[in-house]
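Asks: Take this structure, written in structure tokens, and hold onto it; I'll ask about it next.
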Amino acid sequence: MASIHSAEPAQHANIPQEQHHDHPDLEGMRTFGFWIYLMTDVLIFGTFFAAYIVLRGNTNGGPGPAELFELNGIIVSTFLLLASSYTCGLAVLAMNKGKKRALMGWLAFTAILGAAFIGLEITEFTHLVQEGATMGTSAFLSAFYTLVGTHGLHVCIGLIWMVAVILQLASKGITPVMKRKVQTISLFWHFLDVVWIFVFTVVYLMGVS
Amino acid sequence: MRENVKSFASEFFVTGDPLIYGADVSIGLTLIAVVAGMTYFKKWNWLWREWLTTVDHKKIGIMYILSAFLMLFRGGVDALLMRTQLAMPELSFLEPDHYNQIFTTHGVIMILFMAMPFMFGLFNVMVPLQIGARDVAFPFLNSLSFWLFFAGAMLFNLSFVIGGSPDAGWLAYPPYSELMYNPGVGQDFYIWGIQISGIGSLMTGINFIVTILKMRAPGMRLMKMPMFPWSVLSSCIAIIFSFPILTATLALLFLDRYAGAHFFTLDGGGNPMMYINLIWMWGHPEVYIIVLPAFGIFSEIVSTFSKKKLFGYKSMVYAMMIISVLSFLVWAHHFFTMGSGADVNAFFALTTMLIAIPTGVKVFNWLFTMFRGKITFETPMLWTIGFIPCFVTGGLTGVLLSVAPADFQFHNSYFLIAHFHHVIIGGVVFGYFAGLYYWWPKLFGFKLNERIGKWAFWFWNIGFYLCFMPQYALGLMGMTRRVVSYSWDKGWWEMNLVSTIGAALMGIAFLFQVWQIAHGVKHSAANRDTTGDPWNGRTLEWSIPSPAPYYNFAVLPNVSSQDEWWEEKQRMEQGGAAAQSQLYTGKLEPIHMPKNSAIPILMSACCFVAGFGFVFHWQWFIIAGISGLAICMLKHSFNHDTDYYIPVEEIRSSEASKGRWTV
Amino acid sequence: MKVTKAVRRLAALLAPVMLLLAGCTDNMAVLDPKGPIAAQQRDLMIISTILCCIVVVPVLLLTAFIVWRYRDREGRKAAYTPRWEHSFKLEAIWWGIPIVIILILAVITVKGTYALEPSKPLESAQKPLTVQVTSLNWKWLFQYPEQGIATVNELKIPQGVPVRFEITADSPMNSFWIPQLGGQMYAMSGMAMTLYLQADEAGEYWGSGANFTGTHFSSMYFDVESTTQTEFDQWVKEVQAKSPALTSEGYKQLAQPSTEQKLTFSSFPEGLFERTVTKYASGHHHSPQLKEQEPADSKTPKPASHSGHSAEEHQ
């Protein structure tokens with residue numbers, strides 16, 4: 001068979017072909033892959049949510065949600081993160097208009113809001129630990145720290161990533177690759193915002209009520 | 001000072017058992033020999049350039065399969081040690097603690113570090129070739145997946161010489177796996193070995209879904225895709241839905257052990273049952289993850305060696321997708337006996353039975369592919385035919401186990417052990433061996449000796465039945481799993497002895513396979529596959545030279561039917577000398593290729609270091625590992641120079657050297 | 001050549017089956033039930049095996065037939081249809097047959113699941129005997145609350161009387177299994193699982209811990225003896241008269257990781273079983289059985305035996 005084959009295509013090599021399929025849409029595939037990754041991350045959070053819901057009554061004689069959480073601080077955090085999602089959206093809009101400086105500016109602003117959110121979270125955790133409510137106090141607190149902390153960890157990674165994207169934008173400009181990178185980080189950021197809405201509802205609102 | 005070092009060393013290294021000292025010495029000697037050999041032959045540079053930093057899916061696949069074979073050896077030795085201990089009543093060949101470690105490592109290694117990499121190896125070498133792609137969607141990520149698996153596997157195996165092996169069974173049920181009962185580091189090795197390689201598996205799942213959905217050759221609509229990529233797709237869908245649960249669950253167990261959390265502990269309000277639910281939400285899909293690709297392989301082989309189109313293609317596709325979905329709805333059948341209540345048990349018994357339907361359909365379709373075919377019995381086909389009766393009977397016992405009220409008598413007994421070895425060896429291992437024999441010429445460019453292969457097959461097959469059929473009987477006699485010994489008065493020794501003999505035969509079969517490969521390498525020049533199509537194949541991988549060139553396809557194929565290469569050959573035969581290829585109609589153009597990268601192996605090394613730090617609570621290792629990881633990722637992110645083009649001239653001369661595309 | 005191969009393959013398939021039939025008809029505990037639960041479970045096994053065989057046996061025969069008839073050789077007369085790839089009728093048949101079989105099996109299973117729910121009391125004129133079972137590392141403690149006695153690794157029950165086992169663990173999770181009397185039930189800390197079993201005839205059986213619990217898990221076999229009611233009463237009296245008492249201190253000793261011979265105790269500390277359950281149950285999900293026994297706010301004593309699971313036992 002191969003002998004037939006080996007002689008054959010040579011003739012066709014000369015036939016001009018308008019269309020060639022050589023290039024899979026690399027950037028498109030990367031975005032698609034990132035969507036699948038986000039879905040897997042949903043499952044990780046889902047597992048932690050499930051653990052929290054199962055264990056939240058198991059306070060082991062220690063403090064429960066109603067005694068621990070101060071909603072005011074959390075509302076400020078929530079506002080910060082929601083605002084950062086909005087500025088992240090503005091960044092993408094600026095990118096689509098080709099405005100590099102505005103894009104970098106909005107991204108930087110997003111990162112600052114994110115950092116403020118993390119700052120508040122660290123303050124909250126420190127405060128709780130000082131009150132004696134630690135990871136080892138009860139199953140409820142283990143699940144609480146794990147769920148909220150995992151979200152915080154994601155935000156931290158997002159921050160480092162965002163700074164890296166800003167630096168790359170500075171040197172490379174708005175190329176197709178950079179467009180895809182900005183789009184994925186903004187996807188990630190909105191995703192974290194959505195997760196936070198659930199954290200806010202399930203952990204804090206339902207906890208205090 | 002000296003005393004400190006001494007006491008540290010005696011805790012750090014595993015000591016006390018001559019078996020382990022022997023293993024230590026042989027591991028050390030092998031390492032020294034490898035390093036010396038590599039240095040003497042000046043192969044380090046070659047190794048680094050061509051293998052360790054490669055992003056070529058075929059080479060990554062080969063590395064996966066090689067690792068899988070090494071792990072098969074280790075897991076197999078574990079199995080033989082256990083069978084030796086159980087051969088006669090009241091033996092004390094192994095101490096109970098040692099035995100407990102061995103059954104744990106046997107299970108973990110065979111499933112996670114043998115079956116998984118073997119499967120990923122076959123994904124890697126064949127999926128792009130079968131769908132007419134030049135690489136996977138994310139070559140860098142692919143390399144990272146492999147090295148993460150490798151780091152995880154090495155970390156897990158390290159527990160053999162350092163710190164001590166885990167001993168809580170392959171799924172590490174708490175509370176036994178918690179600090180309270182299991183304070184050693186073995187369980188932490190377990191967590192981090194699996195965690196690191198599991199993240200690699202998750203990324204492979206994403207990678208192959210995108211590859212299959214986005215990179216098929218022009219004209220290859222999903223319903224024209226060969227069956228193996230379909231099976232990979234169904235398996236990867238199960239991976240992306242189940243592995244995140246594993247990651248999360250192991251993270252929780254880690255927090256319990258490392259940070260004093262109370263997820264699954266007996267005190268502090270923890271809930272061990274939650275672990276058992278979560279781990280099986282991953283664990284059950286996991287067994288379908290590994291068996292579905294085997295189904296795909298059998299489909300390819302049965303059609304090739306019957307010289308006939310696969311029967312009931314659509315049924316096959318639907319059956320696999322149904323299995324993939326159902327596999328998520330059955331997890332609680334692993335603990336009918338934990339008092340979930342009749343409603344829950346009835347539900348999970350039903351969903352479990354339902355899986356028998358699509359699986360049965362697949363068996364019928366394979367049979368009717370052979371029906372009115374021209375069957376020949378080369379080694380790949382032998383494994384496939386051996387698989388059918390094996391899987392059918394193993395499936396039968398599976399249905400028996402799913403009858404919830406009867407399961408109260410089967411659970412935790414050797415009946416269960418026999419069942420899952422029956423289907424996992426008979427399904428998965430037979431399938432992967434079949435696939436390896438089938439695709440070997442495409443991978444390495446030479447054929448293996450059929451005679452030795454048949455010896456291996458028959459030793460495996462006979463040994464397999466001798467080993468596991470008696471275990472069904474042992475289960476019905478009341479022998480429970482994981483017992484280190486049993487008394488004479490139970491009347492179990494005859495069956496156990498037969499089982500041990502069977503295991504030994506399987507060990508011999510493995511030696512035959514190693515011999516076969518060594519023999520093949522030695523005589524590779526004489527057995528070279530110059531046609532690229534040694535089995536009269538049907539799918540695209542057989543249309544290119546063996547071994548496949550690094551860019552796979554000089555021009556991308558145009559596909560119009562399921563068995564495109566077979567149809568092409570038919571067209572050529574009918575058209576005679578004037579026939580023109582409809583498969584390859586494009587002209588040579590520069591080919592876009594990813595550049596090799598050292599970052600994946602470095603990242604995995606960092607993960608290994610961090611994982612080791614987590615195991616031993618060495619903060620500076622953790623910090624070093626995680627910062628290294630971050631630096632690597634940033635380095636990769638800032639590097640925009642990740643690909644290159646192969647010029648047309650290079651493709652032309654490469655193809656010409658294989659007798660193709662001559663001008 | 002091919003013929004000998006087929007014969008060899010058949011031999012490979014049959015050898016273990018023959019061995020099975022020859023070697024072990026006498027001590028297949030699960031297939032030799034001595035109580036109503038085990039008997040029903042055995043029946044279910046047999047019915048489901050027969051149902052499966054309706055599909056499996058023809059498939060095996062068909063495989064042999066097809067592989068034999070359609071092997072490639074010179075001068076073969078059998079048809080060869082390389083493009084035959086689909087038949088709606090045939091495929092409908094083999095989607096259909098398994099569906100029907102599974103439906104039948106499903107009905108049987110669901111019925112069986114409710115009928116054999118382990119916490120469901122057995123129908124009997126006799127009042128059930130209660131035995132409280134605790135899995136310890138690595139021994140079983142049986143308490144007879146009505147008789148006020150306790151035993152270790154030895155279970156005596158009167159024949160023909162339903163026994164209500166309440167099962168818990170003061171150790172890693174175990175599973176309580178007496179193959180000839182019926183299926184197993186997990187022994188889990190913080191929960192009291194209920195399992196009803198009954199021995200129909202007098203005799204000696206054995207039970208085991210079916211779920212792995214560590215080093216000497218393999219030593220957790222125990223003897224089960226079923227006797228007449230009179231003999232049982234006699235035995236209870238003897239234990240009450242002659243055996244030592246199990247004290248709280250004694251229980252702590254017993255809960256330490258070790259293996260034990262058979263022991264009998266004339267009494268045990270009141271509420272020992274309940275305390276064992278509740279000591280792990282703080283903030284737990286209570287099993288329904290536990291709820292009916294224990295008010296939610298129970299007097300939780302400090303878990304004392306934790307220190308008993310010392311590090312060196314688990315290296």
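Every residue, even glycine, has its Cβ placed from backbone N, Cα and C.
Note that TrEMBL annotation is computational and uncurated.
Small disclaimer: the values here were computed from a predicted structure and weren't measured.
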Asks: What range among B:543-560, B:597-614 does TrEMBL record as transmembrane segment?
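Replies: Per TrEMBL, the stretch marked transmembrane segment is B:597-614.
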Asks: What stretch in B:144-163, B:348-368, B:380-404, B:416-440, B:492-512 has the biggest tally of Cβ pairs under 8 Å against the transmembrane segment (B:452-472)?
Replies: B:492-512
Asks: Are there residues at least six beyond either end of the transmembrane segment (B:230-255) with Cβ under 8 Å to its Cβ atoms? List them, or say none.
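Replies: Beyond its ends, the transmembrane segment (B:230-255) has Cβ neighbours at 119, 123, 127, 172, 174, 177, 188, 191-192, 194-195, 198-199, 201-202, 204-206, 208-209, 212-213, 261, 263-264, 275, 278-279, 281-282, 285-286, 288-290, 292-297, 299, 316-317, 320-321, 323-324, 327-328, 614.
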Asks: Near the transmembrane segment (B:380-404), which residues from the same chain, at least 6 beyond its ends, have a CB less than 8 A from one of its CBs?
Replies: 294, 298, 301-302, 304-305, 333, 336, 345-346, 348-349, 352-353, 356, 359-360, 363, 366-367, 410, 415-416, 418-419, 422-423, 426-427, 430-431, 433-435, 437-438, 453-454, 457, 461, 464, 472, 535
Asks: Taking B:62-82, B:144-163, B:189-210, B:348-368, B:416-440 as candidates, which has the most Cβ pairs under 8 Å with the transmembrane segment (B:287-305)?
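Replies: Comparing B:62-82, B:144-163, B:189-210, B:348-368, B:416-440: B:416-440 has the most Cβ pairs near the transmembrane segment (B:287-305).
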Asks: Verify whether three or more Cβ pairs under 8 angstroms connect the transmembrane segment (B:492-512) with the transmembrane segment (B:62-82), leaving out any pair fewer than 6 apart in sequence.
Replies: yes
Asks: Count the CB pairs under 8 A between the transmembrane segment (B:102-123) and each of B:144-163, B:189-210, B:348-368, B:492-512, then give me the winner.
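Replies: The stretch with the most close Cβ contacts to the transmembrane segment (B:102-123) is B:144-163.
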Asks: Residues of the same chain, at least six outside the transmembrane segment (B:348-368), with any C-beta under 8 angstroms of its C-beta?
Replies: 295, 298-299, 302, 310-312, 315-316, 318-320, 322-323, 326-327, 329-333, 336, 384, 388, 391-392, 395, 398-399, 402-404, 407
Asks: Mind checking which residues reach the transmembrane segment (B:189-210)? Cβ under 8 Å, same chain, six or more beyond either end.
Replies: 104, 108, 112-113, 116, 120, 123, 127, 136-138, 141-142, 144-153, 155-159, 163, 165-166, 168, 172, 177, 232-233, 236-237, 239-240, 243-244, 246-247, 250-251, 253-254, 257, 604, 607-608, 611-612, 614-615
Asks: What residues elsewhere in the chain lie close to the transmembrane segment (B:416-440), defined as a C-beta under 8 angstroms and at least 6 residues from its ends?
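Replies: Distant Cβ neighbours of the transmembrane segment (B:416-440) are 65, 111, 115, 118-119, 122, 125-126, 287, 290-291, 293-295, 297-298, 300-301, 304, 378-381, 383-384, 386-387, 390-391, 393-395, 397-398, 401, 410, 447-448, 453, 460, 464, 467-469, 471-472, 474-475, 481, 513, 520, 535, 541.
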